[in-house]
Amino acid sequence: MLNRIETIMAQAKDLNTHRIQNNTITIEVAYISSLCDESKVSDFILVPFLKDELEFQKNISLNPNFIVLTDTAKWSETLLRGFVLVQLEGTVYTLDAARVIRNENPQTQVETAIMGSQVSLSEDLIDSINIIRSRYPSPELAIEERTVGNCSRTRVSIIFDSRRVDPSVLTEVRDKIMNLEVDFLQAPGQLERLISSRKRSLFPTMMITERPDRVTSSLQAGKVILLVQGSGFALILPATFYDFMHAVDDEYDSFWMTRFLITLRYIGVILTILLPSLYIAVVSYNPELFRVQLAFSIAGSRSAVPYPSFIEVMIMLFMIESLIEASVRLPKYIGSTATTVGGLILGQAAQQAGLVSSIMIIVTSVVAISNFVVPVNNMSTAIRFLKYPLIIPAIFFGLAGVAVGIFIYIVYLADLRSFGKPYFRFIGPTKRHSGDIGQVDQA
Amino acid sequence: MSRYFYYHIVLVSLLNLMLFVPHILIRYRYQGAVTSMALAVVIGTAMTFMYTYIMGKFPGLGMPEILDKFLPKMVVKPIMVFMAAMWIIGPSIALVSYAVLINRFINPDTSPVMVLILLSGVCIYAATRSTLTLAFLVEMGMLINFPIILFILLKAVRSDAINWDAIRTVANYWTQMPNLQSVGAASYIFTGYVSFAIYNRLMPPNIRIRHRWIIPISGSAILLLTFFVPIGFHGTEAVENYLYVWSVTADSLMMNYGFIERVIFMFLIMYLNLTLIYTASGWHQAIEFLKALSNSYKPSVDDVPMKRNGFIYSTVIALLTVIYLYYVNEKTTFAISGYWLSFRMFIEIGTVVTMFIFARKGTNSS
Amino acid sequence: MRLKGAAVVLSLLLMSTALSGCGFKDIDKRFFVVAMGIDLPDEGKGFKVTLRLAVPSPKTEPGSAMSQIETIQSQTIAEAVRLAKSHVDKELDFGHCKIFVLGEKLIKQGYNDVLEWVTRRRDVQSVSYFAIGRPDAATIVKVQPPTERYPGNALFLAFGTDGTESSYSMTAYAFDFGRRAEEQGLDPVLPLIRKEKAMENYYITRIALLDKSKMVMLLTPQETQLYNQIANHFGKSTVRSKVDNNNMVIAANSVRSHYDIVSGENGTHTLRLKLRVSGIIEEAPPGVYDQDWGKLEAGFSEQTAAEIKTMLEKIQKAGVDPFGFGLRYRATHAGSPKTWEAWQQIYPELQFDIRVKIHIEGTGLVR
């Protein structure tokens, strides 16, 4: 066995192969030292073998951790997953001794909540499932495993509540994952783009989260969860637009305040999408929309600006986007410096230099801040883009152009489906006995 | 799922402003507009009730499928083309008059042809979506726009500037005989039901349209508002001078404490949305009728069969609309709109009665 | 697929070049007209148009309002406005023009041309204010009150409901003016703005009554207040009476009025007008608390009724109908053109029956 393994994995320096012998028998052991917990190897194999208190053969056959592997083609794959191969009298056994380097007790960082769970999903599949199962102690919780990626062989778990899940969604997910053609899979975001029906969608049709409480409440709502080995994020599907506007805190905090916050988020989204284009439309086409005072003060503060309004907007948006991007990319220690310097420049100097008007600075900061009220990060990023296309109709058609642009977005949203489920339907299906529209066709 | 039915009813009844209905009624304010409106309420309600009966008899079937059941193919095909044409004219008039309205009130320096190209481009995109998407679009559009429009209407009614004496004066002319153009225009308010020529495909088998008494009430309320509020604002005489009478009425309102002071901008944007939704939904139905000409066509609500044909048809429709605006002026559009409204009423009565006979037949034979 | 996307982008770009620039004009490249005055020219025919243009400044402090005045004379208003464009360096924008002042001489000659222009212009707000300027519109437009925070603010506040609400002025919106100018049985009214010599300020205390083409008469400030009480139920007003050579004034809290036209025997018609005012005494001789309030009220009522009657008869003689009595007659009688003809016979002979009821709620903070 060892010879074969050594020829397959000749390039791997961290491959450990031993042929050891005690009084009675000889075994062959192979594992990749960097992937395995060496203490496990010695505890389970080397020590009992050398001590030989209980007959090692018996030991191996009694211990359920040792599984017989008959398919020789799978040797390398199992080794690469952190298993130890043991050959004893012609039979090959495997032992899981994987040591996965991950952050211990991960804290929620991307999607924080004040009173929700502070622990996030783990980068290790087993730990994540542990976290989920302990919060969802139901025998109906089904876990299926698939391997995705010709090269990465990434393990992907499909988790769902078998009683509540929508079978049509489940079948579609299974089919999609089965038919994936990809070499390397590393993150749920990548998986989302691979299995969504529109490759260039403006909106995410699946939710990415690190929060176990969001995962379990979605399970309870009959949704399907996908976990990817090596990433502490889960993919929830199907999702509607409104799910993305919903923070987990909304269920924990005071009722009225959370309703108010939900409204605030929608207003924030509308503002962040609309303000830049509205600014152009109103300043350059319909200044009569403002109150007189506002119109005069904008005209006054703009009089030093040599550019047309859309150049002004583009300068400011470029600056603010660079600032956001920089603070994501920079190491944490320098990050705060960048924002301070950037903020100062945006706030004061640009206006004094006559590059932009003071109203534009307010517009920019409102746009940036209200973008971040969206609780789910992948929606927040999607929404960040939406303001740019609207600028074009605003330049050519003013207010009417902006309204038309918004209309296109609404049509697009109404046309989106998340795994066959409507994405942008405000009122869910009503009572079952009255039937839902579109049923005749689906049946 | 009655609400999807009401969305269309309300959408069309609110959209009457775009088709010069108030202007036509106001022109006949001394010659029987009031009685015509009363007559229109009766006709409209009767038609709607009959149509809901027909819908219940053919769940999940659009008008092309129903006609196919009862008539030979040779007869059905010309009817399809004719129906498609009817469905193109109304929305296109609305779109053309809106393009002109944008030119008048929002962008005086952009040519209406350019604006119309933009609007019809958007409508091509929206109309070629699936039927289910359009149903969702209508729902979202109504949910977003209706509260704001209702607010504007209520604000108008409660305004101090409204002169109730003028309204009462016009209402006193209720002894005049109704006339055809006014009845045609007023009955348009109730014509939302015809959208279910296609949208009936979405309806589940056990459909029952509940709360049907809403239809005459909401219809007459909107009709009264449409007709009387401008008279209250502009008096019995001056009101006739305004072509876009409701835009001017909206401009006469002010929100002293609102972020935007002038109501007209809100009004115009809300109606832009409604017009786009109406046109998208109308063109979509025209396209579906045209697609049904092909023998291989199989209707489907959430997929778009024969996508390419849909694009071709809608592009042709949009081109015709643009060419129309290019060659025809406001005055002719206005006249055409008046004739179309009356013509439409007769066609609809004919269609509904025929379908009603089919529906009776269908139940008796089975 | 790639190629298709590129083609779409390319065609969009091509289309956009065809569009570029139409109507795109930044706010700082526009001159906002805040007030427009229309007069008869000093000599010759046509109009003299005076525009007050706001010069925007980022500061909004009292006195920092700057404006530029342009005066142009031309055959028509439309031409005058086009000519004004050649006087200034930025595009003229009427979107914020809220005040239209018509010169007194012009309005005495006829206002129909002006109204025609205003209702046709799309950028004139239907909620802009109309007023008459004395001695002429140009003088009023040129006034620059020292307390103004931004150009035109003083006039905007005077007419709008945000600022002062005076019972001696009224607001005439453009749509209201247009409605009254054509309505059968309702005639236009406009407030009169005048300027005191050497003072940079406005005085709005009287309203003018117009017929269908020109100004007919002016009301005194006292009559103006009565008009506001009857027609607009204007609350923040006063009622005055003289008892034993002592002036007494009631500050009204609520004003209600109601009128109808009753036909009497032998074809006479009577207008029965009821006015109910209730309020608190603001000015009175000491000891008013102990007097008989009923008697005081009766005194107030009688004197006010007499004043109203005199005013109505004056208006009737002038042949105008600012209250809309004619429209009320039409509204309460059968709908036919004959009703209107009948009213034209009735109005000159109309009798007035005025019933005023004044209610004293209290005497203020002192007895």
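A Cβ is built for glycine as well, from the same backbone N, Cα and C atoms used for every other residue.
Caution: TrEMBL annotation is automatic and unverified by curators.
Fair warning: this is a prediction, and the values are worked out from it, not measured in the lab.
Summarising the annotation, TrEMBL assigns transmembrane segment to B:6-26, B:33-54, B:79-101, B:134-154, B:213-233, B:310-327, B:339-359.
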Tertiary contacts of the transmembrane segment (B:213-233) (same chain, 6+ residues out, Cβ under 8 Å): 6, 9-10, 13-14, 16-17, 21-22, 25-26, 29, 33, 37, 40-41, 44-45, 48-49, 153, 156-157, 159, 161-164, 166-167, 170-171, 186, 189-190, 239, 242, 245-246, 248-249, 252
Touch test for the transmembrane segment (B:6-26) and the transmembrane segment (B:134-154), at least 3 Cβ pairs under 8 Å: yes
Stretch of maximal Cβ-Cβ contact with the transmembrane segment (B:339-359) [cut-off: under 8 Å; candidates B:79-101, B:134-154, B:310-327]: B:79-101
Residues from the same chain, set at least six apart from the ends of the transmembrane segment (B:134-154), whose C-beta lies under 8 A from its own: 3-4, 7-8, 10-11, 14, 126-127, 199, 202, 225, 229, 250, 253, 263, 266-267, 270-271, 273-274, 277, 280-281, 284
